[in-house]
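Visitor: Here's the feature list from TrEMBL:
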- D:35-53: transmembrane segment (TRANSMEM)
- D:60-76: transmembrane segment (TRANSMEM)
- D:82-100: transmembrane segment (TRANSMEM)
- D:107-125: transmembrane segment (TRANSMEM)
- D:157-176: transmembrane segment (TRANSMEM)
- D:204-223: transmembrane segment (TRANSMEM)
- D:243-268: transmembrane segment (TRANSMEM)
- D:280-305: transmembrane segment (TRANSMEM)
Amino acid sequence: MSAPVLSVRNISRSFGGIRAVRDVSFDVQKGEILGLIGPNGSGKSTLFNCILGQLPPDAGRVEVNGKTVTGMRASSLNRLGVGRTFQQLSVFPQMTVLDNIILAGQEHHGTMASRLFGPSDAGLTEAADQMIAFFRLTHLRDTIAGSLSFGQQKLVDAAMAFMAGPSLVLLDEPAGGVNLTMLGSLKERLTAYNAEHGTTFVVIEHNMEFVMSLCTRIIVLAEGAIIAEGTPEDIRSNQTVIDAYLGGG
Amino acid sequence: MYRRTILAVTTAIFAAMGAAQAQQAVKIGMVAELSGAGAPAGTNWRDGIKIAVEEINADGGILGKQVDVHEYDTQTDPQVSRAMVQKAIDEGAYAILGTIYSGSTLVNMLVAQQNEIPQFVGSEAPTIVQKGNPFVFRTSSGAQKGVPALVPYFIDTLKAKKVGIAWVNNEFGKGGRDVFAAEMEKAGVEVVADVPSEQGATDYAADVSKLKESGADAVFVYMNQEESARFLIEAKKQGLSIPLVGEVTLTEAKVIELAGNAAEGAIAHVGVTATATDIPGIAEFNEKFVAKFNRNPTHDAIKGYVGTWATKYVTEMVGEFSGAKFAEKMKNLCLNVAEHPRMLLDTCWDEAGEMSRPSFMVQVKDGKPVVIGTAAAN
Amino acid sequence: MSQFLQVLLSGLATGSIYALVAVGFTLVWQAAQTVNFAQGEFVMVPAFFVLVGTHVVGLPLWLALALALVVSVVLIGALFKKLVVEPILPSGGISLIIATMALGILLKESAKEFYGAEAQPFPAMFPTDPINIFGAVVSMQDILNLIISLGVVVLLTLFLNRTRTGRSMQAAAQNPAVAEILGVNVKRMVMYTFLINAALAALASFLITPVYLAKFSNGETLGLIAFIAAIVGGFNQIRGALVGGLLIGVLDNITATYITAEYRAALPLVLLIIVILVRPQGIMGTSEGRTV
Amino acid sequence: MRRWIRPALIGLAIILAILAPVGQGNYITYVLTSWLIFSIAAMGLNLTLGYAGQISLAQASFMAIGGYTTALLTLAGWHWMLALPVALSFCFVVGLMLGYPALRVKGHFLAFVTLAFNTLVFLILRNEEWLTGGNYGLVGMPRPDFGLFSTMKQHHFYYFTLTITIVAAVIMWWIVRSPWGRAFKALRENPIRAESLGVDTRRLTLLAFAIGSTYGGLAGALVTPLVQFIEPASFGVAHSLRILLMVVVGGAGFFFGPFLGAGVVIILPEFLRFTEGYYLIIYAALVIVMLVFTPKGLIGLGALLRDRFWGKRVARGDLKQGAQLK
């Protein structure tokens, strides 16, 4: 078996005496869809931010495809093939959907110079159109992104994360605030993309239904540490997890 | 406010119906600092001109033509002033009156020169008459004439061995400071404190304290009006007891009004002053000005007034409206009060446009500037 | 030595006025994230209200001062918040920065057009007699300015920490959402800070104008220096503004006396750049959270 | 909008710009030249502020740096065309340096840092008399002479400036429609998202300042031969504020906004002479009213009216979001 796509080693992080994440380690293999769940305050957002370089961990390291990326700037991490989505709306509201998607790919094509002197779409219109079609947004291609519905913006956000052909995508609460119809289509598109390209996903999510049906493996955090790990079925029946959720409320 | 509106409306009406009359009028472009930092000087300049124009028109105009003054505001911005002089000339101005700030004049005098338009300016920076421009004429002595007139006072009257200089760090203050420092060096007097301050500065504690510590026998103060007033207030507070001597500004009515009793004892050399009321022309002008504008005229008002009258006198001596002939006539010209009463004092210009006329030493006593001596034209 | 004392005392007197202006600025920033680029003009304008009162209407000085205070609180407090800040804040910080700059121009030009371009003398509230302290000379006016400014800042701090309204204002500034839940009328509290800011500006105006003279352009440097004082001291704290104001007043005078007069104006700017780049929370500030 | 409307409008605007000074006196030509020069400066600031979202109150200081560099070199006998690249490179480098604070601070902090920078430049120009002529400034810079085409005449200088303006506008248009332009907008609208998509936001921020400053320098390099006199007070903070207002009034982030904004600030006063001293009061009040009702400036107002007229509404999603996040 090849090296894991993502390897988290002994990550710890405190905020003034409160240990938000304590010595967490796990690996994610190619093609997996890993769910990261836990009650409020369990430290999953902190962990997520440590992995993405938004927060420097106090200890431990993060490896992507065997390369240490701890504390790396987000743009460099992205160029190594790590895409992400955001919990809040994170499109570029005054640009069209097409421009949003092209932007997501352009920094991976050519050089600074070619991006100034070359074509204005960086040669990406076709690829962007395919991505837009994949997320079934073709009818909205030339619409200003800020005027889309919340769910549609989530789809654009996901499409942007995929545009550069990443090997790993971290999804931060993709289901939050999305209506049921849109949720179904989001899940279906994510699964389809995973099947088609073998891209690895790590998902933080509150919506249990969504996580259980999307993920192939789940890690449960409570009070900053891993308390359980396994398939959705294992987790569903795990007493420790149930207690943690009831206890943590 | 009302007066302005009425003025604007009447001007508009006259402009509309007076096309035929305009043929008879001669246009003069009044380009001055009507807004921005120079507004106080510019408005006085303008109002002095207004009085002169009323008198001239009542007197039959220039060569029989009524004078029509157009106002142009430079916003105290040299670039705008250049544009405004250009505009005045495009609109047919026969002569330009203004500007007052040397920084502006240095820029816009090039335009008047290129178009051979005579220009009376209120600026005092030495460089203005050193550029070989035959069309620019002063309405008061430049700093390189006014400031040296002070030197005998420092040396003979005050017997100063060491002096301090407090000056505003803009082109006006720097000009005066450089001339004074050079004169002191020539006279062998040591400059022991050289203290520049910003235009619009409010805190003179450090400046005065430096002068106080320097052991100077007298201080030359060269600043704009309100800066002078603030300086005097701080000097009084810290008990700076050596003579404070300035050029023109330091004893102006406005400075005395602002500084109150802190202005007491301040001395200045003034080219022309509205307080020299024993001179009949000045007294009359003073009265008219107060009656019309309800405030005391400054030397800028007198400069504007004199510049306007000089335009009339010299044009009539030439006998036609020709910028080139006007400039030719102005060279080494003297206008004496006997024949040209509205010049207020005997006034001469040299071949470069520099002006000289008798001047006064003035001191503030009991809240009033009092003439304490005269200096001959130099 | 007496020169140093002179410069120090004069610097403190000037600095106390900067502090007064900076404190109001800090309050408004905390309550409404409003950086008021017209703050200097807010200090320039009340003096003209007084002059209108004494010269145009012919009121006695005390009445003119009182009326000017009221007019200032209404005009540059309440109306400023209602007509400028409230509608523009949702468009983002840059819009508000530009709007307050435009407001500064508006006030400056209005003072000039409606009252006059020339500086005006302004009646002193306190005697200007000099007092000799170990060879340094200050006026009664300077000392009282210093005392009043410090007193007002202390009173304001007590008000904010000891009274119910004050604590509500702090809560509203720190976390409007939570404050709302706790029953604080956040809108009213924010309005109070604008009113206090206007009152502080008016007070600064009354104290400083006898020395500065009333002129339309007075706000230009004063506003900038007050901002710098607030930022240098610590944008989050009233005592930061106080320290920043006094510090700049003193350093400015020391620079002018002992180092350079030509580059005197550069000192606060350099200080500003260094503080922003090295310690953006300011000398007295804490790096996280907003406390009054 | 139909495809031909925009090119047709641009063509019409250029024809109007060519015809504008015909039959006009020197003064109008001078004003039109100033308008073009300030449009260039505002175009640069529009890139920094309008496209990349970084506020700067130092554009006038770059006009000063460009202007003084050109002045010193042309006075030393260089041709203007040779002095220009030196001036622009210098502005580019200094602009990069000014960008560094923007990596650390945003919004009003950045406004103050740039404002402080502008004042420092002013102080240096005034105090370092040996180099800059101090308060007296520099005078007598020659206007560029191209053999058959000398720019000594006001009309000639106007066409010279117009040519440079068009070239500068084409380059700017190329930049904003290139992937760089898209990345600048992304930096403005959501820097964190942009960074996570591989956009090097640090480098872009610096570039936004450097390019914007270079345009300021170009404007300064044109002021020098236009006025043939430069002094420090012409490049103070008030002038930076004036350029900022041009950008905002025209419409920040719209390509033609700066031209409109500079027109409003420079040409409109000509038509509002009758308001006398009240012009600035009216202008400032209108700016505030405009920010209340249409924060996107006059071009934004035009778009708003057009959408209302044609029934298409562009949702202000960004603004709503901004309000929520606060």
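Backbone N, Cα and C atoms are what each Cβ position is placed from, and that goes for glycine too.
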Visitor: Okay, the transmembrane segment (D:243-268) and the transmembrane segment (D:35-53): do they have at least three CB pairs under 8 Å, pairs separated by 6 or more?
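Guide: These two stretches do touch.
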Visitor: Counting only residues 6+ away from its ends, which parts of the chain sit with a Cβ under 8 Å from the transmembrane segment (D:280-305)?
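Guide: Same-chain contacts beyond the ends: 245, 248-254, 256-257, 260-261, 264-265, 272, 314, 319.
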Visitor: Are there at least 3 C-beta pairs under 8 angstroms linking the transmembrane segment (D:60-76) and the transmembrane segment (D:204-223), leaving out pairs fewer than 6 apart in sequence?
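Guide: The answer is yes, given that the two segments have at least 3 Cβ pairs within the 8 Å cut-off.
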Visitor: If contact means at least 3 Cβ pairs within less than 8 Å, sequence distance 6 or more, would you call the transmembrane segment (D:107-125) and the transmembrane segment (D:243-268) in contact?
Guide: no
Visitor: Please identify the stretch among D:60-76, D:157-176, D:243-268 with the greatest number of Cβ pairs below 8 Å relative to the transmembrane segment (D:82-100).
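Guide: Stretch with the highest Cβ contact count: D:60-76.
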